[in-house]
Amino acid sequence: MRALTNLSQIATGEGRSFLSGERQADVKVYENHSILIHGGRIAEITRAVPPGVEEIDCGGGVAVPGFVDPHTHIAFAGNRVQEFYMRIRGTSYLDILRSGNGIYRTIRDTVNADENRIFKETISRVWSAVRRGTTTMEMKTGYGLDQRGEEKILSAIEVIKNTGPISVVPTYLAHVVPQDVQENAYVEGILETVKRNRQRISYADIFCDAGAFSPEASRRFLEAAIAMGIPARIHTNEIENVGCVKKTRGLPIVSYDHMIHFDDADLDIVKENGSSVTLLPITVFALNEAYPDARRIIDRGIPVSIATDISPLNMNDDMIFAMHLAVRNNHMNAEEVLNAATINPAASLGLAEKKGTIESGKDADLVVLSARSYDEIPYLYGLDIVSMTISRGNILYSRGDHGITDTSEA
């Protein structure tokens, strides 16, 4: 047994399911307690550490649950640096896509890479996320286009899931329709790939938006995946509102992701479907779009998660930066974003029984931060405040100096 000691504060949501509405802001705070860890799980939150227990001095910092990143495109090869400058000069996302670049560029790079290269580039990014406090990550396919390419990405994800440092949730993503290919025929093909790999994936996802799949094709794909017993997610309303949410009425979709452009009727359907919303504020930052108002979603009783959406478009794996943007621009408070980065995404990924909160019996997935209080986390977004990342009781990253970041004299 070991104990995390000298913690000024432990802050966590509670429970084994989504927190929504007013409860999304419920955070339990322990002052000057220790966390006992045994067998990779949280044994107890206590004031008194038993004798003979290995003590890990946390330097007066704050412990929160390990961050759960529920939406990533981290598995790919290559980069899109030229597109970054094109967007800065005013070229739109859709114009880049229609020219055969954007997602199509990454598809070409990834299809031409072998599995080992995809693995090496991806695991490097995973370790970067670990240093920023992430202990669980959803990873999508989507850059392979055909069965062979998607299975190559999925194999790289599986290696990371089985041998890597963090918990991984594989998702099959129907990303875009190949140029000069008929949409209905392509959907038939990808459904065969999903069927062939249904034991290897935890979720099925589709990008329903301008320049991607139509609402009709998206519903067909989602219905088929659900019929196979695969839970469904959806990318939607990122570029435009083309009616994707309305087309999903009655489907048990776990999470509607992006949701930049929505109306009240869309939120009614999300609520009726018993679904959640995952906001991706770093992507909005990268696209220089207007941020959606999370208050409209939370106040309807819909649970909200946040994610990094790390991808070649958005090379950022920092959940703390996502929390900062969600407070600053999506109008969430410190308590809501803490739960949006921990328990709610854990519930979104079907892991809330064992992850997402600091409670006895759950996995010891923890982040120790050089702060005095959890509400400083979004505020200190630009500083190196992650002092320790722990996954299932194993210390994955330790900065060594666990001292408090002092901003009191500024």
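A Cβ is built for glycine as well, from the same backbone N, Cα and C atoms used for every other residue.
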Select one of H71, H175: the residue that Swiss-Prot places in the 4-imidazolone-5-propanoate site alongside R80, Y143, E238.
H175
R80 (4-imidazolone-5-propanoate binding site) to H73 (Zn(2+) binding site): how many Å between their Cα atoms?
13
Suppose the Zn(2+) site is H71, H73, H235, D309. Which further residues of the same chain have a Cβ inside 8 angstroms of that site's Cβ centroid?
T72, K140, D257, H258, L280, T283, A307, S311
Just name the most isolated of the binding-site residues H71, H73, H235, going by other Cβ atoms within 10 Å of its Cβ.
H73
I'd like to know which of these binding-site residues, E238, D309, is least surrounded, judged by other CB atoms within 10 A.
E238
From the Cα of Y143 (4-imidazolone-5-propanoate binding site) across to the Cα of H71 (Zn(2+) binding site), what is the distance in angstrom?
15
Pairwise CA distance, H73 (Zn(2+) binding site) versus H175 (4-imidazolone-5-propanoate binding site), rounded so that it is a whole Å:
10
Taking the Cβ of H175 (4-imidazolone-5-propanoate binding site) as centre, how many other Cβ atoms lie within 10 Å?
25
